[in-house]
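S.K.: Below is a structure I'd like to ask you about.
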Amino acid sequence: MDDSAKSAEPREFSSPLLSTEILQAYHGNDGVECEEKRQEETWSVPAILILTTLVAVSGSYVFGSAIGYSSPSQNGIMDDLNLGVAEYSIFGSILTIGAMIGAIISGRIADYAGRRAAMGFSEVFCILGWLAISLSKVGWWLYVGRFLVGCGMGLLSYVVPVYVAEITPKNLRGGFTTVHQLMICCGVSLTYLIGSFLNWRILALIGTIPCLVQLLGLFFIPESPRWLAKFGHWETSESVLQRLRGKNADVSQEATEIRDFTEALQTKTEATIFGLFQLQYLKSLTVGVGLMILQQFGGVNGIAFYASSIFISAGFSGSIGMIAMVAVQIPMTALGVLLMDKSGRRPLLLVSASGTCLGCFLAALSFFLQDLHKWKEVSPILALVGVLVYTGSFSLGMGGIPWVIMSEIFPINVKGSAGSLVTLVSWLCSWIVSYAFNFLMSWSSAGTFFIFSAICGFTVLFVAKLVPETKGRTLEEIQASLKR
C-alpha cells in the first residue's frame, strides 16, 4: 500500500455542517456570521473522506456479523457435528477470549505498523477464522475458527474508531465515528436474518465477503495523517490531510496544530499499559475505562444474547420480541449518528443512560409482578416495552459514544497502550456479564434487572460529573484540556 499514492481529485458532496471555529481560522473574525450562514448551506465533504470511512467501517460490519452468527447457526452446527450444549457454549464464548487477545495486541500493531495495516491484519485473522468454521468436520476446528475471528474483532474494535476519528474534521468526527456502531448493528441484524434461511457453512463463507471488501479497499485509502506525523512524515501527513479535506480547503492551521502537538509529545517516551497510571493521564483513563465498564455492566450483552429467552420468561413471543428489537435498534443508532455533532456527546449520553435505566426498571417491574402473580396480562407487555426502551436508548448513545470518546481523549504517545487497555476492559466486562447473566436470572430475574437499572442510573451521574464535551474541538484541543 503506497501512502503517497496520488489519485484524481474527488468530487464533493454538500453538507449543512461547518463550525464557527473553522471559519474563524480560515477567514478571520470579520464577517464570520455572514460567511457561516453561506457555508452552512454548501459545506463540502470530499468523496475520498466518505470512501475512506466506508472502507474502515466495513470492518465494523465484520464485527457485527461475528456476534450475530452463533444464534441462527446453533441448531445446524449442533446437529451436523453432534455437539452438546456445553460444547456449543465453548464455541460461543471463545469469541470473547479471542477478542481479549486481539485487544491486547491492537494498540501496538496500530502504533507500529499503522492503522491500515492493523485493519489488514484483523481481516486476515477473520478470513482464516470464517474458512475454518465453514470447513469444520470436528468441534475443535470450530473453536480455532471462532478464536481467530475473535482476535480479528478485538483488533477492529480498537482501530476502526481511532482511524475514523483521526481522519475526520472536528465538526463531523462524532457522526462519522458513530457509523462504527451503526455497521455493527447492521452486521448483527442481517446475519441473524440471513442465517434463518441459509446453512451454517454457507453463512460462514458469506462472512468472508465484508472482510475481502475491506482488505481490497485498504489499498485505495490513505494512512492516518496523525500517525504519519507521529513518525515524522510531515509532508505526506499534510498531503493526506489536503486530500481528506478537499482541494480547496486551507489545512495549514490543522497541519500546524498536529505538528506542534506531536513534536511536544515526542519529548516523552511511549507509555506502556502500566505507565498509563500517572497523574497526567488519570482523567482520560478514568473517563475511557469508566465508560466501558458502565456500558457493559449496564447489561447490554446479557440482554442482547438472551433477549429471546427474556421474552419467553416474561410470557411473550420470543420471535416477535427479536423482530421488534431489530426494528428499534438500527433506526435509533442512525438517529444517534445524525445527532452526534449537533447535540454533542454529553447530552446524548445523559439521555441514553437515563433511557437504559428506565428500560431495565420496567423489565424488572415486569418480572417482579410475575413473581407476585399480579397483573398477568400487563407484565409481558411491560417486559417487551422495557427491553425495547433499553435497546433504543442504548443504541442512541451508550452503544457508540464510549468508543467515540475513547478515540478522542488519549494523546498519540499513549493512544496504543491506552486503547488496548480500554478495549481489553470492554471485552473482559462483556465476558463477565455474558457468563454471569444466566446465573443472575436463576437467582432473581427481577433482582437482575434492578441491578442493571441501578448501574445505568449511576452512569448518568458519572457522565454528568466526569465526561467532557468533545464536540467541535480538535483531538489536540481535547487532549490538552484533559491534562490540566
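Every residue, even glycine, has its Cβ placed from backbone N, Cα and C.
What TrEMBL says about a protein is an automatic prediction, not a curated fact.
TrEMBL feature annotations, pasted as is:
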TRANSMEM  47-68  transmembrane segment
DOMAIN    52-471  domain 'Major facilitator superfamily (MFS) profile'
TRANSMEM  88-105  transmembrane segment
TRANSMEM  117-135  transmembrane segment
TRANSMEM  141-164  transmembrane segment
TRANSMEM  176-194  transmembrane segment
TRANSMEM  200-221  transmembrane segment
TRANSMEM  281-297  transmembrane segment
TRANSMEM  348-369  transmembrane segment
TRANSMEM  381-406  transmembrane segment
TRANSMEM  418-437  transmembrane segment
TRANSMEM  443-464  transmembrane segment
S.K.: Among 141-164, 281-297, 348-369, which stretch has the most Cβ pairs under 8 Å to the transmembrane segment (418-437)?
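M.R.: Most Cβ pairs under 8 Å with the transmembrane segment (418-437) come from 281-297.
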S.K.: Would the transmembrane segment (47-68) count as touching the transmembrane segment (381-406), i.e. at least 3 C-beta pairs under 8 angstroms with sequence separation of 6+?
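M.R.: No, the transmembrane segment (381-406) does not contact the transmembrane segment (47-68).
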S.K.: Can at least 3 Cβ pairs under 8 A be found between the transmembrane segment (200-221) and the transmembrane segment (281-297), with each pair 6 or more apart in sequence?
M.R.: no
S.K.: Would you call the transmembrane segment (47-68) and the transmembrane segment (141-164) in contact, using three or more Cβ pairs under 8 Å, pairs 6 or more apart in sequence?
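M.R.: Between the transmembrane segment (47-68) and the transmembrane segment (141-164), contact is present.
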S.K.: For the transmembrane segment (176-194), give me same-chain residues lying six or more residues beyond its boundaries with a C-beta closer than 8 angstroms to one of its C-beta atoms, as numbers and ranges.
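M.R.: Residues 53, 57-58, 60-69, 71-72, 160-161, 164-165, 168, 203, 206-207, 210, 304, 322, 326, 329-330, 333-334, 336-337, 340, 395, 399-401, 403-404, 407.
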S.K.: State the non-local partners of the transmembrane segment (443-464) in its own chain: residues 6+ outside its ends, Cβ under 8 Å from one of its Cβ atoms.
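M.R.: Contacts of the transmembrane segment (443-464) (Cβ under 8 Å, skipping residues fewer than 6 from its ends): 290-291, 294, 297-299, 302, 313, 346, 349-350, 353-354, 356-358, 360-361, 363-365, 367-368, 370-371, 386, 398, 437.
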S.K.: With the transmembrane segment (117-135) as the reference, which stretch in 88-105, 141-164, 281-297 has the largest tally of C-beta pairs below 8 Å?
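M.R.: The stretch with the most close Cβ contacts to the transmembrane segment (117-135) is 141-164.
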S.K.: So which residues does the transmembrane segment (88-105) touch in its own chain, when a touch means Cβ under 8 Å and the partner is 6 or more beyond its ends?
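M.R.: Contacts of the transmembrane segment (88-105) (Cβ under 8 Å, skipping residues fewer than 6 from its ends): 66-67, 70, 74, 77-78, 122, 125, 139, 142-143, 146-158, 420, 423-424, 426-428, 430-431, 434-435.
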S.K.: Considering every residue in the domain 'Major facilitator superfamily (MFS) profile' (52-471), what is the mean pLDDT value?
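M.R.: Value for the domain 'Major facilitator superfamily (MFS) profile' (52-471), mean pLDDT as a whole number: 87.
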